[in-house]
């Protein structure tokens with residue numbers, strides 16, 4: 001563990017994941033707003049990318065082997081036991097034993113190392129499929145006449161964006177590296193003591209709130225899966241003659257309602273499962289699916 005600048009690498013790695021998720025969520029929201037989901041192949045690969053990314057982040061979060069890591073692993077892997085008939089066998093197979101233990105940690109490390117390469121590969125597929133048609137623009141009109149060389153124009157624009165993101169990331173990682181983490185995770189993993197509240201990292205809180213809002217194991221797991229898989233329905237539910245929301249004020253209202261809704265879900269997920277939060281979470285989960293299906 002005595003690595004040169006190990007503290008810096010660790011803080012950039014942990015907070016870099018948060019920034020990656022911020023960028024991804026903005027990117028998906030942008031796709032929603034401008035109707036990018038009509039590029040069906042690109043959109044579907046993007047959803048698979050998101051699922052792979054979520055898997056990578058989850059197995060990575062388990063690796064520090066703190067209380068929250070350990071119990072998070074126990075809770076999330078246990079979701080597979082909701083599958084009828086084969087569930088329990090599946091969970092014990094995933095654990096490599098009868099509880100989360102050393103074999104689980106070893107395989108999670110291997111998965112956390114391998115999945116990013118799959119993500120990188122899928123990214124190339126994602127881009128290749130986008131290049132079939134080229135990208136859309138805010139007005140939704142052909143932009144062939146406005147095309148300009150990638151370098152220096154776009155390369156400089158990208159480097160600027162990258163620099164701004166990096167300044168923010170460096171500020172976070174150097175000044176308050178543990179702002180987004182849970183102090184519970186500094187307590188070493190203890191299979192005999194459950195933490196008072198299980199709580200994932202912020203970027204999973206919305207999904208966690210949806211999972212908790214249904215008082216049934218299988219139902220909650222299905223809702224959790226549906227919260228991301230519902231994105232597959234977007235291209236099928238598009239009824240407007242206009243592709244983007246630039247000139248659709250009602251859709252814009254719904255879109256921002258959805259954004260607010262996700263923020264509410266994120267906040268509820270971070271709160272204990274007690275009286276006001278349970279009903280808020282249920283209403284927010286319901287409205288999340290309603291808004292997406294109406295959009």
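The backbone N, Cα and C atoms fix where each Cβ goes, glycine too.
No curator has checked TrEMBL annotations; they are predicted automatically.
Database features, via TrEMBL:
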DOMAIN    1-139  domain 'Cytochrome b/b6 N-terminal region profile'
TRANSMEM  12-33  transmembrane segment
TRANSMEM  45-63  transmembrane segment
TRANSMEM  70-88  transmembrane segment
TRANSMEM  108-130  transmembrane segment
DOMAIN    140-295  domain 'Cytochrome b/b6 C-terminal region profile'
TRANSMEM  159-180  transmembrane segment
TRANSMEM  218-237  transmembrane segment
TRANSMEM  249-269  transmembrane segment
TRANSMEM  275-294  transmembrane segment
Candidate ranges 70-88, 108-130, 159-180, 218-237, 275-294 - greatest C-beta contact count to the transmembrane segment (12-33) (under 8 angstroms): 159-180
Secondary structure tally of the domain 'Cytochrome b/b6 N-terminal region profile' (1-139) (DSSP, helix then strand then coil): 108 helix, 1 strand, 30 coil
Average model confidence [pLDDT] within the domain 'Cytochrome b/b6 N-terminal region profile' (1-139): 95
Residue numbers, six or more beyond the limits of the transmembrane segment (249-269), whose CB comes under 8 Å of its CB atoms: 29, 32-33, 199-200, 202, 204-210, 212, 240, 277, 280-281, 284-285, 287-288, 291-292, 294-295
